[in-house]
Amino acid sequence: MAASLCAQPLVLLSLQFAAAAAMIAAVMGSNSMPVNMNEQREFDYFALALQWPGTVCRRTRHCCSSNACCRRSNAPTEFTIHGLWPDYNDGTWPACCTRSSFDERKISTLRDGLDSYWPSLSCGSSSTCHGGKGLFWAHEWEKHGTCSHPVIQDEYSYFLTVLNLYLKYNVTQVLNEAGYFPSNTEKYPLGGIVSAIENAFHATPLLVCSKDSVEELRLCFYKDFEPRDCALGSIIQNGMISSKSSCPRYVKLPAYVPPGVGHVEAALSWISDNGIA
Ligand SMILES: *[C@@H]1O[C@H](CO)[C@@H](O)[C@H](O)[C@H]1NC(C)=O
């Protein structure tokens, strides 16, 4: 008797909660995401997105402690983690799948690895799912990580899984072994980079460029974390690189230049061009 009296308000409460969640979902889905949040189905595969600091750090205009591009001699010189993204085979993806907010305390034991391998490469804060702004990690967990269930169930597991994947699939090492090193002058054939990854991991990656410079390399995985081809983009068919890739046929892997150095060089060359020095 007492139990049934108590149960009723609880049911009502959870119904109200579900309705509110669906409304928030509809609003967020309409302005930012290709898929409406309250209809999101389970994802098809994972993409591990890695970013190339040599390219991304060229955008740093001013420095701050949270931007790893500003670490100068300690700045990252190999691919770093952008995120692990649950994707659909049709090229869309789910986003902001639960109301789980990022909690920095839950990943405190992973902090060293995250600082080294998953640093922010900008000063700006990132948008989170509940209308706020937060750390780069908060954005990745709330927007993408929450959609990786039932494979990954919580925030700690998400960050641990991504670090382990990153350490297992060392893209920088594969490229070095194939003769591709950071350089501000060399250009490398995109097909050669793709082949090096295919030979090492038996799956086709997706490359993203900013003009002629590699900005991201994505490795794709089945839900059991076995490598698979990334569905779209750099798939080479009949010797042609698919037009979906944003990369030209020859690409650069720029070397890291500390922020500000380019400006000093530009100023010096202006001074010498103008006969002052
Ligand atoms: C990847 O390989 C490179 C070259 O062998 C090595 O210097 C680097 O420490 C490795 N990175 C990670 C995260 O293990």
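Placed from the backbone N, Cα and C atoms, the Cβ positions cover glycine too.
Secondary structure at His82 (active site), taken from DSSP and collapsed to helix, strand or coil, is strand. On its own chain, His82 (active site) has Ala49, Leu50, Gln51, Glu140, Glu216 as residues at least 6 apart in sequence with a Cβ closer than 8 Å to its own Cβ. Among the features that TrEMBL reports, active site is placed at His82 (among others).
Summarising the annotation, TrEMBL assigns active site to Glu140 (among others).
Under the heading active site, TrEMBL lists His144 (among others). His144 (active site) is surrounded by 26 other CB atoms, counting those within 10 A of its CB over all protein chains shown. DSSP assigns His144 (active site) to a helical segment in the three-state reduction.
Annotation source TrEMBL lists signal peptide at 1-21.
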